[in-house]
Amino acid sequence: MSLAKLLNNDDDDNNINLPNINVNNTNTNDTSSSIVTNTHTTNTTTNLQKEKFLNKLNNDFNLLNKRDNLELNYQDWKFLNYQEFELLNEWNQQSKEWNNSIKNFEYLYSLMKKYKSEWENYLTLKSSDKYLKNVVNDCLINSNTNNLKSKSKLKTDTKTKAKSKSKSKLKLKSNSDAKVKSKSSNAKAKAKTKSVSTQQKRKRTTSIKNLLEKEDSALTSLDDMDEIDDVNEILNNDNNDEITQNSKDLSTTTATEKKLNTKTSPSKKRKDEVRVAMKKPMTSTPNVKTENKSKQKSNKKNIDADDNTYDDNNLINGKDTEELDDIEKAKDLEDNTDIEIEGTNENEDEDEDEDEDEDEDEEDEEEGEEEEEEEEDEEGVINMIENEDDEDYFAPGKKSGRQNASKVAGEPAAPVPKTPTTIHSDRERIVRELIKMCNKNKNKKSRKRRFTNSIVTDYNPEENKLIVKVTLKQYHVRKLKKLINDAKKLREEEEMKLKKSLMKEAENAEELEGPSSKKKKLNSGTAQNENGGEQNSEFIQNTHDLPTYGMQMTLKEAKAIKRHYDNTFFTILKDLARKDSAKMARLVQQIQSIRATNFKKNSSVCAREARKWQQRNFKQVKDFQTRARRGIREMLNYWKKNEREERDLKKKAEKVAMEQARKEEEDRENVRQAKKLNFLLTQTELYSHFIGSKIKTNELEGNMKDDEFDENEDNLMNNIDLDSTSSVKTDFKTIDFDNEDDDELRRKAAQNASNVLQKSREKTKKFDNDTSNGEELNFQNPTSLGEVVIEQPSILACTLKEYQLKGLNWLANLYDQGINGILADEMGLGKTVQSISVLAHLAEKYNIWGPFLVVTPASTLHNWVNEISKFVPQFKILPYWGNSNDRKILRRFWDRKNLRYNKDSPFHVMITSYQMVVSDTSYLQKMKWQYMILDEAQAIKSSQSSRWRNLLSFHCRNRLLLTGTPIQNNMQELWALLHFIMPSLFDSHDEFNDWFSKDIESHAEANTKLNQQQLRRLHMILKPFMLRRVKKNVQSELGDKIEIDVMCDLTQRQAKLYQILKSQMSTNYDVIENAAGDDDTGSDQNMINAVMQFRKVCNHPDLFERADVDSPFSFSIFGKSSSLSRDNEPLVDILYSTRNPITYHLPRLIYNDLILPNYENDLGLKNKLLNYTFSIFNNESTCKEISRVTGLTYGEIKRVVHRDLLMNAIHLKEPYSRQTFLEKISVIEDNDKTFSDMNFKSNLKLIERSAKLDALSRVTSTGVLNSLLNIKEQVFDNEYYNAISRSYHPNVSSSPVSIQVLGNRHFSIQQEEELFKPVISKALSEIPASTQYNMAVEKKIPLHDFPVSGLYPSPLNKSFSSYISMPSMDRFITESAKLKKLDELLVELKKGDHRVLIYFQMTKMMDLMEEYLTYRQYSHIRLDGSSKLEDRRDLVHDWQTRPDIFIFLLSTRAGGLGINLTAADTVIFYDSDWNPTIDSQAMDRAHRLGQTRQVTVYRLLIRGTIEERMRDRAKQKEHVQQVVMEGKTLQKDVKTIESGGDVKAAAAASTALTTN
């Protein structure tokens, strides 16, 4: 049912008031009580009317629920009104911080729009409550009419009721005065009381103000107040006029009643009576109030007593139980309906009571102010709503106005039955009760307090029975108990008169009996006056010291009252401790903080005022102090400044004195160092001059002799002979250079030089004595040798040139003197031959056959072996290289016992590399070598290397260093070579650096002035130990080499890459450039790597990233299969494996009916009529004319017409086709008009030969004959068509869409025949060469009988034949500036028949260059570091012997040492080396002995890059070499060519020089 639904929806917060309840109290522990109500309807209504009424009631309930929800939302929106002012204030405060910014005000406007929309929504919601308000107004109008009628009756009976009421009240006052006092004090402690009387509920409109003021009766009228609140909230807006009008009517009645009340109120003598009298005038109906007050005061005592008995689980006892049963039986007789109530009571716990009291206290505190403000309006509203028929469901019974009046008059009030509101009541009454229920449920406070579940379990319209299950919570159970007690108390009041009549008799009997009375009374009651006057205050003496409050009570009652008041007292204390104490503590704390804040404010104000007073009074004192401090500060600054100036002057004077002293000391030190260096130089010069005079180096150098230098040298060395000078060594550290004169220093220097010479001779003599084995005749003593001119040894199988023979004499003299030397002839002058001639000279003249040690780079090992074998065949050579096992076997040939080698020794000369020297140092150091030759001695230029240290530790009689560049980078390398040959003279690198290095290197770098005297002294020191000759001085037939620097500009791609690298480098670019010019091994590795990246950009941008092959996406499916071979089937037909993923399925019905000819269509008839019946070739006359011209028969013409196009093309290519016949006809007509047989046959034979040639040209598609027969076509295709590149590159490519007809074999057979017809496939494809050979040679098939092939046309352009595009080589060439210049240069060099050496630093660049040369079809070979020794020998041999090789690609480090490449006349450096001497050695591979043509050297450089910086640094290093070795102070002249046409001119000029 919908009623059950309504009750179930509100079971959490609705209360159901049940009429006429029969209560059965049982002491159980259950938490709820089940009430089953059976309602019987009357016989006047039918079931149909009930259903209609219930349906209508349900609709009203639904509407009320909706309105309730709207009202709740309205309350939420109403809260915005309270905060509107606060929001406006907050916005005003925020607007101050917005600083008049447009964005901030835009944000404010958006907020205002938002809140405006919310306010409009609130107004719409507020207007939606009109329907509910109209319904409530109707109810109020009906109730007002009834109230007016009842009020008119009450006005007429006011006087009589007041008189009777005052009398009854005075009678009851003597017994209830003490009770009122105690209950009023108890009510103040508690939040709300737990009992209510039926009369108070009946007249709630007249006593509402007293209920609000008195806290003890607040909970009693809570249900009524909830109804008042709900109605007020509904009527506040729309019914103000009606309410005010009604309130005026009520106010007039209340005024009259107040007047009557003031007249009838008694005088109050005691304090309790005054309190009661002060509350009486506030009521609206004094007669009812007086009656209710008397009943309330008399009932409170019983209620409190009953509460205490409930706590002890003893609800009622003895007599009370019997009286309650009588009341219940009387009520059952008066009820019209049968209501069955089954209830259970719970045991109450003290904790639950306290919690409920706490909740009630909190709610009362919150409601206090609101109830006082709206008290008068609520009274008027309640009087308008309620009428005489209203009653509380929990009230056991109500009395009408007449009954109350009769009771006030003193008549006994008998309970009159009142019909409760049930389902069968009037509609208006039911609606009014339900509205009350709903309004009660709206109030959150009532929901919180009265949470009772009620569920309609069953409704039977036939039996007129409605069963409702009501579950009462603890609060309602307690309330029910109080209602029961109220019913009991009403019965007691009726019997009160009987008890009062017996009171006098009881007092008299007590006086007569005395102490023997069994009944113990505490105090005797006072007799009341008959006219209701003042009470007698005569009391019996209190014997138990318990408070009796002026009443007669037993000991048990006194204890119960005391216990009740104690509990109330402790409850109040607990509430105070729990609530008020915390509030007071917070309040005290807040007061203290406010007080402290005020103190601080006062103190700050006082301090500010005090400071103002001080400023006014002590301003002059403050100014005086300020001036005094300023004066003191200025005085201190003055004296500090004065002291600082004096201190600075003193320091300056001391500094000047120290500088002067330091300068004088430096001058003395410079003089001393100059004398020291002069002493050391003089010592070295004397030794060098003496050795030079012995070996005559000046005569050997030829044109390089300096006359002025020789004169100075002779003047310096006059009167000094080392042979006659005593050999006394004087340590220069012990010499006092400050006091010694020049002559004494020169004498000591001569003694030291003589000592060095003597030690050198002794060392040589000792080595010779060890190797002579004690022979008598010794020819190796150099002192016994005179100045003999040495001739060419006879065992030397070559003829030495004049300068080479002089070099042999110089080397022989060095050997005789026991001095080591450096043969530093320019590359290409035959240093190898001169060194081999010295070994031959020792073997031939002195019979010294070894052991000789030759150490050379790995690239020249085979060259040395070949040279020695060629020039001195008698020498036995031991090639010491290979793996460890090979070297172990070679070491067996060493003869360590015989230190003197002869011609029959196992070997004479051992040739090894520098790597082997380092790895096998322990074995090589054990040998004593007669002569050690180091080829390319710049390999030991570093004194810190392991090569230098290991070779210096070898036991050798003489050491010879062969190098064309003794100085590569700096003077330190020269000192390393000099110390290697003469450790005793050149022992300190620091001294050598002080002598020469600083001056010469600074001159080369900064072009400073060079000390010529110091340079001459250096040359004088070096001359005895180093022989240096250049080609132009000693070799007149060898022409000069031309060096050309070709400057190029970066291409666009290179420039972008270069800028990107510069931007990504964290280090400054200038620092990187300096690192590029500095070849010091200690440089930062990161810098070197950065330089290499820039050099890559200069060489070619593809060194970073190669161009990718471009190909479209293939939208195809590729075939996948396993092995295709089958048993007994050597040939397998393979269809096209690549197909399109898209397949079009043609419906078979369409193919059969519309495409294939059949009996249902006319396709066959149309084909016959078009191709046969109406064909022009079907005419007989036309066919005759055609056959006359072509020579074909009528049937052949028809076959040609009806044949396929491809078959006709194949037929035309046959030897005796129509074309051949036409050629025959044309030849006959050209030669002779007569058709004689002789002419015809001769011409026919000629035509047949041409047909054979034509067939041969077609068969040999790639042969020489094809090229000869198609010269024009070949040239046109190669020059024009193949030069065109594809400009469009598709993104996707795919195979054609395949068509399939499922279930039709005819289509698949026809498709396969067209795609794979053997005749067409053979005609389109070319016959393989192997098949042609078998047909022509083995099977003897004539060429003109070969089947037609190669009809598929070849593409006009190779780049258009496929969508796969390879990177363009033209773009590859033009993207590199160097490669573009090289491409132009090679064209000119190829025309001039030059042969070119191209040197590279990077092997990856060599790979790119090979691709370029292959594209240009230049023949070339390559040699780099990865080439093996055997391959290197073969490559050099091929280059020297094969003139068809145009270009030789070499790595500068691998191919620039010790090899002879004189077949080339042009050298191109694609990129330069860090060390200029490496490049010099590389170019001298071609510019050397045996070169008959002019040698031109091209060096490709990029302007404005790191390469230009490296080139400048290389020129500085070359200048140092020229200064030291040749004495030149001017740099070498190198021609520079800018980017343009000068390269071709230079190449042409070099070609002209070569031809001349």
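Note that Cβ sites are derived from N, Cα and C of the backbone, with glycine treated the same way.
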Item to check | Listed range which Swiss-Prot flags as region 'Disordered', given the options 693-721, 751-779 | outcome: 751-779
Next on the checklist: List the residues in the vicinity of the ATP site, defined as same-chain residues other than D825, E826, M827, G828, L829, G830, K831, T832 with C-beta within 8 angstroms of the site's C-beta centre.
Outcome noted: G964, R1488, L1489
Checklist outcome for this item: Cβ atoms other than its own within 10 Å of the Cβ of G828 (ATP binding site), all chains, total 22
Checklist outcome for this item: Students should find that the Cβ of L829 (ATP binding site) has, within 10 Å, a number of other Cβ atoms equal to 25
Checklist outcome for this item: Same chain, |i - j| six or more, Cβ under 8 Å of T832 (ATP binding site); the result in sequence order is N863, W864, E867, D935, L962
Checklist entry - Over the domain 'DBINO' (572-697), what does the predicted model average in pLDDT? => result 80
Item to check | K831 (ATP binding site), number of other Cβ atoms within 10 Å | outcome: 24
Item to check | For E826 (ATP binding site), nearby residues of its own chain (Cβ under 8 Å, 6 or more apart in sequence) | outcome: G964, R1028, R1029, V1030, K1031, D1484
